[in-house]
Structure formats: C-alpha cells, structure tokens
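K.L.:
Attaching a single structure in structure tokens format; questions to follow.
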Amino acid sequence: MKESSPASHQQQRKDSVDAPRSRLARLTVNHAAIVENWRFFKQRAPSAAVSAVVKADSYGLGSVGASRALAQAGARVFFTATFGEALLVRKALGEGPQIFVLNGPSEEDAEQYAAPKLTPILNSLAQIKLWNARGPAGLHIDTGMNRLGIGPEELAQAAVALKGAALALVMSHLACASDVKSEMNAVQLRRFVDAATLFPKALRSLASTGGVLIGPDYHFDLVRPGIGLYGSGGLDADNPPLAAAATVEAPIVQVRDVEQGETFGYGATFTAPQKMRSATVAIGYADGYLRSLSGRGYGFLGGARPPILGRVSMDLIIIDVTGCAEAQPGAMVEFLGPNVRLDDLAALAGTAPYEILTTFAGTVRKTGARA
Ligand SMILES: *Cc1c(COP(=O)(O)O)cnc(C)c1O
C-alpha cells in the first residue's frame, strides 16, 4: 500500500463540506451484496413474496440506493417507518412498487398518501378512524409485541370498522424472531393465524429476517426482511453467512514501536507485555465506532486481525500491528465488512447489529456503491 499522510486524505476531499465527509473514516455500501441477500430470502421463502424493509434510511446505508438496486432485481414491495421516508423511496423508484408506511397515518399526513400512492399500515382503532377508508391500507395486529397494532380486545371492533375497506395486508411482528427456539414464536404464530381469519381477503405477513429463517410456517404471503438484507444473520451451521453490505475503513495515521511495560490510550488500560508495534488509526466513537469496543474490537489488515489496544477515543484508536508489514501510515484498516462481520462486531460491542449500522451511518462518510 502506498504511503500517504492524513493531510493528503484531507486534500482529496477539499471539495466536500458536510460533517461526515470531513472525517477520514469511510463507509462503503455494496448494493450487489444487498441484492444477493434479498435473493437468499427469496430462496428461503419460495412460496412468499419477498419485500424489503428500508426504514431508517435502509438501516443507515441509504434507502435511495438500496431501494433502486432491489427494485431493479425485482423487489416489488417496500416498507418504511415514516411517511417522509416513503416519499423519498417513491421518488427514487417512480411508480410501480408498493410502499408501506409502518408507523401509519397521522393527522398531518393522512391526506398526502394518495398522490404518491403510498400505503399506510393501520396500527390502532384511532388510525383506522383517521384513515377512514380513503385508500388501500395494511392492518397491523398485535400478537405479543405490545408496540404497534390492534390488540386482541380491539379485533372485533377493527373488523367492523374496516368492513368494505380495501385491506391490502394483515401483518404482525415477532418479538423473538432472532431466537429460533423461543416459545414466543409459536404463540404469536397461533394468535396471528386466528386473528387473520377475520380478514380473509387480505394477504398475510408475519416474518421479518428471523421469521424467514424459523421456517415455512412463518412465511405466509409476504415476508419482510430488513437486517438480513444488510448482512446480519445466517451465522449458524444451517445458514451461510449473508453478504456484507457495508464496509467501514479508516487510515493509519501513525505507527509506533513501543517498549514492554508501556501503556496505551486514555486510562492506560492496556500494558504492553513485550515490545510491540502499534498503529494509531483515524476512527473513533465520533465516527460511530462504539466505545464499548475498547479492548474488544479488531481490525483487518493484510490478512491479519489486529486487536484494539486500550480504549476507543473520539477520533482515534490504537491497534496491535506487531509483525504486520502492511501497517504503514495511510494504509486503510477494515473495521466492518467481509472480514469483520457485522454480527461479530455487535456481539463484541454488546449491542445489536441494527445499532452498529445505524450508529456508523450517521457519522462516517458514505461512498458510492461497489458492485
Ligand atoms: C423493522 C421491522 C421489520 C424488519 O425486521 P428485521 O429484523 O430487520 O428483519 C419487519 N417488520 C416490522 C414491523 C418492523 O418494524
């Protein structure tokens, strides 16, 4: 790898002004990987339509690019959380694909669904009333999550209120989908099947990423993978790893030879057990590299997995590059991607892959798709 100073990195970006671009860490989205993962779900749920959940800007990876790539590959149904997100996706996709808004209509936006042909998910009796059958909608039935949806005691009332309305979909959401063995899954499945009999004409949808992997009983007419499209899941023996949709890299700014007994970083939490070579890298918690990865995370460089030494600081981390010839100033170190798996990183950070992606996305610079 050619040597380059941090200054020259800044130089290359002198035309860019927004905050993420002023940083040296960068996030690259691989749209081909997102499509590959979507096809994996098609394979796993051959009897169902496979939608794409693109809420929160496609989990931080950019809903415009992801939606376009998925639509091009044949995705016809998309889910966003908010009305505003759905507008963005409609603009990106043009007419055709169906776009559901999971949060459902509000007083402010209910009138505005028609023109861009967006479809709300109705989550309460109040939303059913507000929507007032002004167009096709989906219905969310709560089967145990107690977050959104019509509860069991309101079902009969909802069925009456929706009589004659165009119901495109009845759906529910699993609380424990990522745990195949959880008894909660079967409980929710049973409740969903029972409740859905009240709406016999509507398509049925229950499974998010985890639900698809639980098995065909959970697939119904439409499945709703989100995080799986972006590379989480499938790390057990039965499932191949999904493709990494995001790569986060940052350049080395300095390499040091350190004597035995020296300590590294804030709090001096790591002491060199012997002579070591360390590299200081331009990524920190200000870039979304979580501080909880202090002493736990690792990078990938030249086929090695250099561990983090001591604490993650705001703009910098220190890694152990002893014996790694590739460790030179300017060399890019991977911190998430094909070699540093999303689920692995989440486990090390003590959080969920969802939070890893969305935390990076707000801070590190996004670069164009790598096909
Ligand atoms: C976020 C969400 C999904 C997607 O879940 P993943 O675990 O990311 O696959 C599906 N359905 C609903 C209602 C959701 O809120």
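Glycine is no exception: its Cβ is also placed from the backbone N, Cα and C atoms.
For reference, TrEMBL lists these features for the protein:
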| type | residues | note |
| --- | --- | --- |
| REGION | 1-22 | region 'Disordered' |
| COMPBIAS | 1-10 | compositional bias 'Polar residues' |
| ACT_SITE | Lys55 | active site, proton acceptor |
| BINDING | Arg147, Met314 | substrate binding site |
| DOMAIN | 245-369 | domain 'Alanine racemase C-terminal' |
| ACT_SITE | Tyr266 | active site, proton acceptor |
K.L.:
Can you check which residue among the recorded positions Lys55, Arg147 has the largest number of Cβ atoms within 10 Å of its own?
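P.N.:
Result for the most crowded candidate: Lys55.
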K.L.:
Going by C-alpha distance, which of the recorded positions Arg147, Tyr266, Met314 is nearest to Lys55 (active site, proton acceptor)?
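P.N.:
Going through Arg147, Tyr266, Met314 one by one, the Cα closest to that of Lys55 (active site, proton acceptor) is Arg147.
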K.L.:
Give me the long-range Cβ neighbours of Met314 (substrate binding site): same chain, 6+ apart, Cβ under 8 Å, in sequence order.
P.N.:
Gly284, Tyr285, Ala286
K.L.:
Helix, strand or coil by DSSP: which one applies to Lys55 (active site, proton acceptor)?
P.N.:
helix
K.L.:
If I take the alpha carbons of Arg147 (substrate binding site) and Tyr266 (active site, proton acceptor), what is the distance between them in whole Å?
P.N.:
40
K.L.:
So how many other Cβ atoms are close to Tyr266 (active site, proton acceptor), meaning within 10 Å of its Cβ?
P.N.:
11
K.L.:
Mean pLDDT over the domain 'Alanine racemase C-terminal' (245-369): what is the value?
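P.N.:
Its mean pLDDT is 95.
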